[in-house]
Amino acid sequence: MPKRSDINHVLVIGSGPIVIGQAAEFDYSGTQACRVLKEEGLRVTLINSNPATIMTDPEMADHTYVEPIEPEYIEKIFQKEIEQGHPIDTVLATLGGQTALNAAIQLDRLGILEKYNVELIGADIDAIERGEDRQKFKDIVATIGGESARSAVCHNMDEVYATVEELGLPVVVRPSFTMGGLGSGLAYTMEDLDRIAGGGLAASPEANVLIEESILGWKEYELELMRDGDDNVVVICSIENVDALGVHTGDSVTVAPAMTLTDREYQIMRDQGIAIIREVGVDTGGCNIQFAVNPEDGRIITIEMNPRVSRSSALASKATGFPIAKLAAKLAIGYTLDEVTNDITGVTPAAFEPTLDYVVVKAPRFAFEKFPGADDTLTTTMKSVGEVMSLGRNYIAALNKALRSLETKQLGFWTKPDEYFAGERATDLQAVLEDLRRPTEGRLYDVELAMRLGATIEELYDASSIDPWFLAELKALVDFREKLEDAPVLDEALLREAKFMGLSDLQIAAVRPELAGEDGVRRLRHSLGIRPVFKTVDTCAAEFEAKTPYHYSAYELDPAAESEVAPQTEREKVLILGSGPNRIGQGIEFDYSCVHAALELSRVGYETVMVNCNPETVSTDYDTADRLYFEPLTFEDVMEVYHAESESGTVAGVIVQLGGQTPLGLAERLKAAGVPIIGTSPEAINMAEDRGEFGDLLGRAQLPAPAFGTAHSFEQARAVANEIGYPVLVRPSYVLGGRGMEIVYDEASLEDYIQRATELSTEHPVLVDRFLDNAIEIDVDALCDGEEVYLAGVMEHIEEAGVHSGDSACALPPMTLGAQDIEKVRQSTRALALGIGVKGLMNVQYALKDDILYVIEANPRASRTAPFVSKATGVHLAKAASRIAVGATIADLRAEGMIPTGYDGGSLPLDAPIAVKEAVLPFNRFRRPDGRSLDTLLSPEMKSTGEVMGLADNFGAAYAKAETGAFGTLPTEGTVFVSVANRDKRSVILAIQRLDSMGFNILATEGTAGMLRRNGIDCEVVLKSSDVREGVEGRSIVDRIRDGEVDLILNTPAGSAGARHDGYEIRGSAVTVGVPLVTTVQGVTAAVQGIEALRRGELTVRALQELDHAVKA
């Protein structure tokens, strides 16, 4: 069945900002889809609000709209494309995660698809609803002879109580049409039930929840399937969760293929999966289905399905080499599986199911340290912010590799022995077993500790519900440790066995201290000729030859085993080190820069080699770089890749400046080991990080910086703070994403900080800086080739200094800076770039106060804002930086047209659009152990997971779009609640007067209301929670927010403890109900401008391709 001839113009709906539960995997799937559809000669239009994605690059589609993924904007795109003579005839919504599916359902319900005669391809509305609606899906499972957990769909709390009476506690609560388990949970008590089911009803767009019998402790599996228009179905991959049911699959360590299924169980699941995909009606494309197996009696239950490409699809795709998203796009336009060739072999059709001759392990990356007070129990609501994948010849080797890929404090078993075995816990087996009953991030380390304290597999299974097979694998590792420890000498056979089990040199050194650390183990290993061989992912267990070089390392027991790395060409090679797992502070933006470097260097004649371990990203797609290594980003693993590449050709150098802090942290050791680092040198990177050297540079260049001092103890910190004056900003040195940073207003808070934060880093001191209150913060991206500096973009933060730049909204071009300010920025940036010795990208943060431009920090690397600046100005910064690294000058790039002539990012043409970047925060995912919300205040510590961009001709419209994209659509009428700290009251009067004149009802607390009334603003006084607690009659503001009576909240934090508690409750209830919340004075002003733009109805849509012409005209 060839391609359909009635499809000419496809709208691909992207997934929007990175949030927990929906991350970079959808950029990867959407990018593949856009490429395929364009290759097939179709016109492609894309909507996605996230600028940090490859899919929103102008080359990926004919028209790219960086707009909020909402029906009104999609309808504007339909209208605009008709006006331009290119009507859209089909929409592909199965590759943009839950966001795209929910948008498609709304388009259908509002009649927009019918109005414009547009068809949904991949999965129609009925199939989406049958897969996503809990009751419909349950009926389908029954139809095909499968079994679901006993459950009922409830629309209100009365129905919930009735169901629980029948099923008994505990129960699982799951809302419909949400992703990443948002709003779901386990209810053990009636209090739990009220909290979780109430929240679940609020989280579900359909206002219904499924209450299900608890199948906690069962084994959980997933099957990834594809179906074409001829009803051919293939099963691509089985995935098994190491954690038992009760931990969200996104938070569990998972393994592919499934390890503990019997053949009979696998066949039952396979048959049911195929019957379900047919019955649901996913006509074309991928889906994943989750099953549970009762370990006691083998009863199999179908849990749920995603009728779309999902997080698991990205994992299955990278694990097998089978390009699921690419095929889903081909099948959606009419091809069948037997008509599409598998890219990796070049000869087999996609109808051949992949076979694996290796084991894949995925491990989640968490960020609980960013949310003090959050409950770190792993439940059915997903909490991890990223993940890694590793490939090995056996399960334990793949697991060891995955754990060290995570880049947490503990790089695998035994690598943090001092901290880990501190205190009584190290010897108290019962305490460890008790801890294992509550799943947390470190549970595998707890299992290993319990084994060394003598726990049996039966005891551990009882405590953790982890299948005995996985426990036995870990027991073999613990037994091997004893053998390794007790051997009188570490000979070749024993060292080979250790490496075969996936142990790193660092882990071996921890057990054999006489080898003098990791370097000593490496020297011994090399002297014995023990190196990894590199195997190939080929989808067919070596039955056919692979055409795409996609490698992983393995140590074989046989010394004669051969590597499969063959030189592709005679070209010089450049290694690009990726950014590892997504985490807060280091996300998809860095992957974006790595991908651009790979594509650009390939284009100009280099052979590009990507090293990364993140399965969600475009950088680990098999056709992004010329060669891909799926390896941990540790010194040992990178050195072995470099050695293998050097053996098969000439390596021009390694690029470390694009992947964030991860590769930067390796730069010095790599250079010392003889690896050529191209671009900015490790010495220059260190100079920018070292406060003393950097301070000297500022002195020489006569650039002002806030006064600062360094301290190794509380006494020293107190002396520094007294000298430079409070408030001060305190932080450890060498951090990304503002880890452990705080603004401190007095000595007591300083002492509290030092006690909490000095454990962050023993060898690095704490830095104490003068904090510039109420300054304007400015973010700058620039390129430097060693001689010339190009100012790429000047962004003005909307929040004042003190909010981490990754969490602050910002505008480009800047809104309140004059020509003189920008000239100061340009000259200061030039002095810094040349003084540091930057070759490539640099990011500088400034604060402007009383007409003095202070340098806050300079980072000689690709920044978080590089993709945003690239989209807003039409200049591909990462491509330019990669060319500078291999010797091009800015003049060369100007001559090629990559960098504009006649202006820079500080002097954009007058008709250039205004771009606003807004951060997306994950507070709805985290709760305190008692179930209360976390405080949502912004601080110098970064908390956002992703970002969106708003583009328009004026600031108000751009800001309004950015807020809509970040899930905080501003209201155009209704009720506004105002409660601001005393120091902010004068600053907000004008903004509130404008809201009053637009007809909003104003609610205010007593103190704020008095000030508003004195300024002629009519408002209603509302009670604070503390008033009601003290016995005042009436409903508090928190009650009114929870009852849906408030449309916008303006609340800046106050100083006293009582006021702080009231503010915390107000902000927490805003997150629970989903009311837009503004917590800074500048944010209030911006919000009012946004509301005015919305009321004027000025929101138009323009494709990036048109804007590029406007910027470059």
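Every residue gets a Cβ built from N, Cα and C, even glycine.
Fair warning: this is a prediction, and the values are worked out from it, not measured in the lab.
As annotated by Swiss-Prot, region 'Carboxyphosphate synthetic domain' applies to 1-407.
Residues annotated as ATP 1 binding site in Swiss-Prot: Arg134, Arg174, Gly180, Gly181, Glu213, Ile215, Glu220, Gly246, Val247, His248, Gln290, Glu304. Within its own chain, Glu220 (ATP 1 binding site) has Glu240, Asn241, Asp243, Ala244, Leu245, Thr249, Ser252, Gln290, Phe291, Ala292, Ile303 as residues 6 or more apart in sequence whose C-beta sits under 8 angstroms from its own.
What Swiss-Prot lists as domain 'ATP-grasp 1' is 138-333, and the listing cites sequence analysis. Model confidence over the domain 'ATP-grasp 1' (138-333) is summarised by a mean pLDDT of 88.
The secondary structure of Glu304 (Mn(2+) 1 binding site), as reduced to three states from DSSP, is extended strand. In sequence order, Arg134, Phe137, Arg174, Ile289, Gln290 are the residues near Glu304 (Mn(2+) 1 binding site), counting only same-chain partners six or more apart with C-beta under 8 A. Marked as Mn(2+) 1 binding site by Swiss-Prot on the basis of sequence analysis: Gln290, Glu304.
For Gln290, Glu304, the entry in Swiss-Prot reads Mg(2+) 1 binding site, with the evidence type sequence analysis. The Cβ neighbour count for Gln290 (ATP 1 binding site), using a 10 Å radius over every protein chain in view, is 19.
Per Swiss-Prot, the feature Mn(2+) 2 binding site maps to Glu304, Asn306; the stated evidence is sequence analysis.
Marked as Mg(2+) 2 binding site by Swiss-Prot on the basis of sequence analysis: Glu304, Asn306.
For 408-565, the entry in Swiss-Prot reads region 'Oligomerization domain', with the evidence type sequence analysis.
If you look up Swiss-Prot, you'll see 566-967 marked as region 'Carbamoyl phosphate synthetic domain', on the strength of sequence analysis.
Residues or ranges marked as domain 'ATP-grasp 2' in Swiss-Prot (evidence: sequence analysis): 695-886.
The ATP 2 binding site annotation in Swiss-Prot covers Arg731, Arg770, Leu772, Glu777, Gly802, Val803, His804, Ser805, Gln845, Glu857. Counting only residues at least six positions away in the same chain, the Cβ atoms of Leu729, Ile743, Phe771, Asp773, Ser939, Pro940 sit under 8 Å from the Cβ of Gly802 (ATP 2 binding site).
Feature annotation from Swiss-Prot assigns Mn(2+) 3 binding site to Gln845, Glu857. Long-range Cβ neighbours of Gln845 (ATP 2 binding site) (same chain, at least 6 residues apart, Cβ-Cβ under 8 Å): Glu777, Ile778, Asp779, Val780, Ser805, Val855, Ile856, Glu857, Ala858.
Sequence annotations record features per position, and here Swiss-Prot assigns Mg(2+) 3 binding site to Gln845, Glu857 based on sequence analysis.
Look at Asn859 (Mg(2+) 4 binding site): DSSP puts it in a strand. In the structure as shown, the Cβ atom of Asn859 (Mg(2+) 4 binding site) sits within 10 Å of 22 other Cβ atoms. Here Swiss-Prot flags Glu857, Asn859 as Mg(2+) 4 binding site, drawing on sequence analysis.
What Swiss-Prot records for Glu857, Asn859 is Mn(2+) 4 binding site, and it gives sequence analysis as the kind of evidence.
Summarising the annotation, Swiss-Prot assigns domain 'MGS-like' to 968-1113 and lists sequence analysis as the type of evidence.
Least crowded of the binding-site residues (Val247, Leu772), judged by neighbouring Cβ atoms within 10 Å of its own Cβ: Leu772. In this structure, the CA atom of Asn859 (Mg(2+) 4 binding site) is 15 Å away from the CA atom of His804 (ATP 2 binding site). There are 15 other CB atoms within 10 A of the CB of Glu857 (Mn(2+) 3 binding site), with all protein chains counted. Nearest to Val247 (ATP 1 binding site) in space, judged by Cα atoms and limited to the binding-site residues Asn306, Arg731, Leu772, His804, is Asn306. Largest Cα-Cα distance over the residues recorded as binding ATP 2, namely Arg731, Arg770, Leu772, Glu777, Gly802, Val803, His804, Ser805, Gln845, Glu857, equals 18 Å. Separating the Cα atoms of Arg731 (ATP 2 binding site) and Asn306 (Mn(2+) 2 binding site) is a whole-number distance of 43 Å. Around Asn306 (Mn(2+) 2 binding site), taking its Cβ as the centre, 24 other Cβ atoms fall within 10 Å, counting all chains. Taking only the Cα positions, the spacing between Leu772 (ATP 2 binding site) and Asn306 (Mn(2+) 2 binding site) is 49 angstrom. Taking the Cα atom of each, Glu213 (ATP 1 binding site) and His804 (ATP 2 binding site) are about 43 angstrom apart. Gln290 (ATP 1 binding site) carries a strand DSSP state (E or B).
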